[in-house]
Amino acid sequence: MLYSPDPIAAIATAPGRGGVGVIRVSGRRIDAIVHGLIGRPLTPRHAHFARFRAADTGAIDEGLALYFPGPNSFTGEDVLEIQGHGGPVVMNMLLKRCIELGARHAEPGEFSKRAFLNGKLDLAQAEAVADLIDAQSEAAARSALKSLDGAFSLEVRALVDELIQLRMLVEATLDFPEEEIDFLQAADAQGRLLALQTQLAKVLIAASQGRLLREGMHVVLIGQPNVGKSSLMNALAGEEVAIVTDIAGTTRDTVRELIQLQGVPLHVIDTAGLRETDDAVERIGIERTWGAIGKADLALLLVDSRAGVTREDLEILARLPRALPVLRVFNKVDLTGEVPGDVGRDVIHVSAKTGEGLDALRQRLLQQVGWQGEQDGVFIARERHLDAIRRASRHLDAALAAYHRTELFAEELRLGQNALNEITGEFTSDDLLGVIFSRFCIGK
Ligand code: GDP
Ligand code: ZN
């Protein structure tokens with residue numbers, strides 16, 4: 001994979017105003033930029049106070065400059081970081097100056113992509129950089145850091161190593177067709193393959209947990225007006241809405257997006273907007289809602305305990321995908337005197353007002369998506385990773401089935417290894433890299 005390490009520059013801090021703003025420059029030769037901006041060479045890895053020079057004799061700003069010569073830098077190239085005053089105008093002037101001096105605007109994720117191409121990070125780690133920045137809960141941030149530190153990559157590498165050992169064994173027997181089966185038997189190839197499958201299944205569970213932390217669970221909320229949908233969402237959010245309390249949005253229920261259950265983000269898909277309409281824009285919104293419903297983990301039917309399930313509710317239920325599990329939540333039990341809690345058969349009694357039954361509801365929701373609680377072994381993961389693990393597992397199954405046809409056996413092992421290697425990026429197409437890194441924001 002070839003790329004030219006031409007200097008790139010970007011504002012690395014979030015847009016807007018802040019005490020400090022950071023510009024990052026990376027490239028094979030950035031001396032001209034350092035010289036034009038600072039006017040003197042910088043001692044590697046030291047903080048220098050400097051005035052950042054304009055094209056004329058004046059200055060744009062003053063602040064700290066740090067220089068990391070490659071390969072000991074984030075990207076593996078020479079990197080300059082300047083910390084100026086964090087206003088959009090100042091930052092843009094500084095960036096413009098870097099461009100004048102020979103850098104070009106970095107593409108989204110280009111710093112991380114270079115770090116990957118220079119072997120500073122593997123693909124799962126580079127993705128963890130983005131996931132740490134995008135983390136929606138503390139638990140998600142902790143597990144993203146684990147992936148960034150390489151916990152996930154190590155697990156995958158261990159599996160790949162074992163797979164390579166096994167492949168070497170099998171390839172060796174291909175040269176001795178007469179004795180090959182005895183050979184494999186003596187080396188317990190089958191036992192080792194089964195052990196690998198077990199290990200793979202474990203990694204899949206850990207990765208699914210990580211994917212939950214990253215992507216959250218998606219719940220379709222059904223309920224007539226006034227049954228207590230908003231009240232329930234607010235009660236579920238409780239103290240866990242720690243990040244933002246006042247969110248601008250078109251609907252007043254946007255706050256639901258920030259609900260977390262044990263660090264797992266809860267995304268609520270509101271069915272209130274699913275009514276017949278002639279309005280083209282509204283229809284697009286409705287199509288999108290149906291799209292989201294197609295990927296949901298669970299439907300939550302909220303009813304007023306005094307009225308029970310209504311005909312309107314049943315009509316919406318009938319239009320949901322058959323496979324979507326439905327949990328019926330009877331709210332306002334404080335008014336009926338019914339016993340709160342999980343009463344079985346996918347029915348839960350709660351009171352959004354008093355909070356009774358809510359713990360049972362939380363537990364039921366987490367159980368539905370298979371959350372096992374934050375554990376040491378949980379690292380952040382993406383659907384892409386799960387897909388690769390599942391494919392690897394299918395190849396190992398096929399290998400097991402082809403045990404007596406050694407060439408097929410060897411081929412399935414090879415395909416399994418390729419699938420696993422996609423996770424760390426050792427076997428990844430340029431297209432996939434493009435897709436992954438283009439979703440990063442600029443300056444990452
Ligand atoms: P939504 O239209 O479904 O979002 O319903 P709201 O959350 O706005 O609630 C409608 C009304 O029911 C409000 O007056 C709430 O205070 C009340 N309410 C919601 N949950 C409960 C509950 O568990 N018990 C009681 N007694 N009232 C509730
Ligand atoms: Zn509401």
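Cβ coordinates are placed from backbone N, Cα and C, and glycine is handled just like the others.
Any TrEMBL annotation is an automated prediction that lacks curation.
Just so it is clear, the model here is predicted, and its values are computed rather than measured.
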Item checked: Per TrEMBL, Glu81, Lys120, Lys444 bind (6S)-5-formyl-5,6,7,8-tetrahydrofolate; matching candidate in Arg17, Arg24, Arg382, Arg384 -> Arg24
Checklist line | Local Cβ density at Arg24 ((6S)-5-formyl-5,6,7,8-tetrahydrofolate binding site) - other Cβ atoms counted within 10 Å | finding: 23
Margin query: Mean pLDDT for the domain 'TrmE-type G' (216-370), rounded to an integer?
Written below: 82
Note to self: Around the (6S)-5-formyl-5,6,7,8-tetrahydrofolate site formed by Arg24, Glu81, Lys120, Lys444, which additional residues qualify by having Cβ within 8 Å of the site's Cβ center?
What the structure shows: Ala12, Ser26, Ser73, Phe74, Thr75, Val79, Phe111, Ser112, Ala115, Gly443
Margin query: Filtering Glu81, Asn226, Lys229, Ser230 (binding-site residues) by proximity to ligand 1: which pass a Cβ cutoff of under 6 Å to any of its atoms?
Written below: Asn226, Lys229, Ser230
